[in-house]
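**Q** Handing you this structure, nothing more for now.
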Amino acid sequence: MIKQKLFLWAAAFLILLLSFALFILPSLFSQEFHRAGEADTLISNQISNHIKGDASDVSTSIENRSNTGEEEKAKINNEALNRIDVSVDVKVNNDIVNDIQSMSEQRSESNRGEEGNSGTTSNGNTANGDTGDQNYVWGTDTTSAVDADLISCVEENFGEPQVWGRYLGDKEGVSRGLTNEEMERLHSNNAKILLIYNHFNDATGYETGEEEAETAIDMAREMGVPEGVALFADIEPTYPVDAAFIEGWYETLSNSEYEAGIYGVFDSEQEISTAFQEAVEEVETLREETYIWTSAPEVGVTTKEEAPAFNPEAPDESLAWGWQYGIQAEACNVDTNLFREDLQNVLW
């Protein structure tokens with residue numbers, strides 16, 4: 001009987017000891033570790049997004065919250081790296097929230113956001129005068145008539161353009177003018193048409209600018225071009241140009257149902273850039289109401305997928321919403337372009 005009692009007491013003691021080891025000790029260690037964590041908080045977040053292809057939406061969210069005491073430390077390091085190997089229809093959002101409640105002077109916070117080679121970002125970074133959440137569309141322009149064969153050639157070799165640049169009227173030996181048949185074909189392909197006027201080779205003098213604008217307006221009306229569409233004066237780098245011509249072109253178009261646009265090589269060393277700046281000084285509204293389609297810099301023809309990041313060269317704060325970055329493709333008679341999506345509002 002005594003042995004039985006001793007055995008029961010020993011078993012009870014062992015059960016009590018095992019319970020203490022399993023349940024009480026971990027709780028004590030956990031409390032001690034929690035206190036140590038409060039005294040010195042280190043949070044590190046590293047997120048990398050690598051995107052390939054068109055029409056991508058990427059959203060990254062980091063939220064850190066720490067309640068620390070008077071003299072304690074809180075160190076936070078957030079790294080968001082976005083590498084984007086596309087150039088059109090890409091949206092990236094990196095949202096980082098750090099809520100640190102501490103009075104310590106030793107607290108440090110580091111947030112770093114980096115952007116890849118192209119696309120758009122809402123991290124607060126800006127490029128080429130544009131803030132975040134800006135989209136771009138890819139397109140082509142051509143001096144040839146756009147028939148079914150040319151459309152197939154472009155789509156097979158480069159991709160499907162969202163914009164086609166075409167000329168108002170024929171210019172012998174230079175360009176074929178847009179026809180109603182072409183217009184219907186392009187619109188049926190869900191493409192917008194950028195209208196180019198090139199029936200001059202001297203861009204000097206107010207009266208010249210005025211007369212050329214009037215001719216462009218008449219041609220657009222004959223084609224049935226609706227109001228609000230921009231007409232782009234094609235000022236080639238070999239043409240003489242001055243501020244007066246640009247003023248005449250702008251003021252005549254701004255008094256019509258159409259918008260003013262200018263195409264040219266707008267790098268800082270070209271006469272057209274100087275002339276535009278001088279025109280802006282004379283006519284205050286010209287800068288904010290004239291759409292610029294620049295051929296600078298020229299980086300070479302690419303496919304739609306391999307288009308560069310939108311980086312046109314043009315006068316500061318101008319509406320440089322079009323960039324002809326590649327000229328004279330070998331496979332098809334086209335040039336390659338990027339446009340701000342907003343420009344489509346003034347295309348046909």
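Placed from the backbone N, Cα and C atoms, the Cβ positions cover glycine too.
In case it helps, TrEMBL gives these features for our protein:
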{"type": "COMPBIAS", "residues": "57-67", "note": "compositional bias 'Polar residues'"}
{"type": "COMPBIAS", "residues": "106-115", "note": "compositional bias 'Basic and acidic residues'"}
{"type": "COMPBIAS", "residues": "117-133", "note": "compositional bias 'Low complexity'"}
{"type": "DOMAIN", "residues": "164-298", "note": "domain 'Rv2525c-like glycoside hydrolase-like'"}
{"type": "REGION", "residues": "54-74", "note": "region 'Disordered'"}
{"type": "REGION", "residues": "99-139", "note": "region 'Disordered'"}
**Q** Using DSSP, what is the helix/strand/coil residue split across the domain 'Rv2525c-like glycoside hydrolase-like' (164-298)?
**A** 55 helix, 31 strand, 49 coil
**Q** If you average per-residue pLDDT over the domain 'Rv2525c-like glycoside hydrolase-like' (164-298), what number do you get?
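**A** Residues in the domain 'Rv2525c-like glycoside hydrolase-like' (164-298) carry a mean pLDDT of 98 in this prediction.
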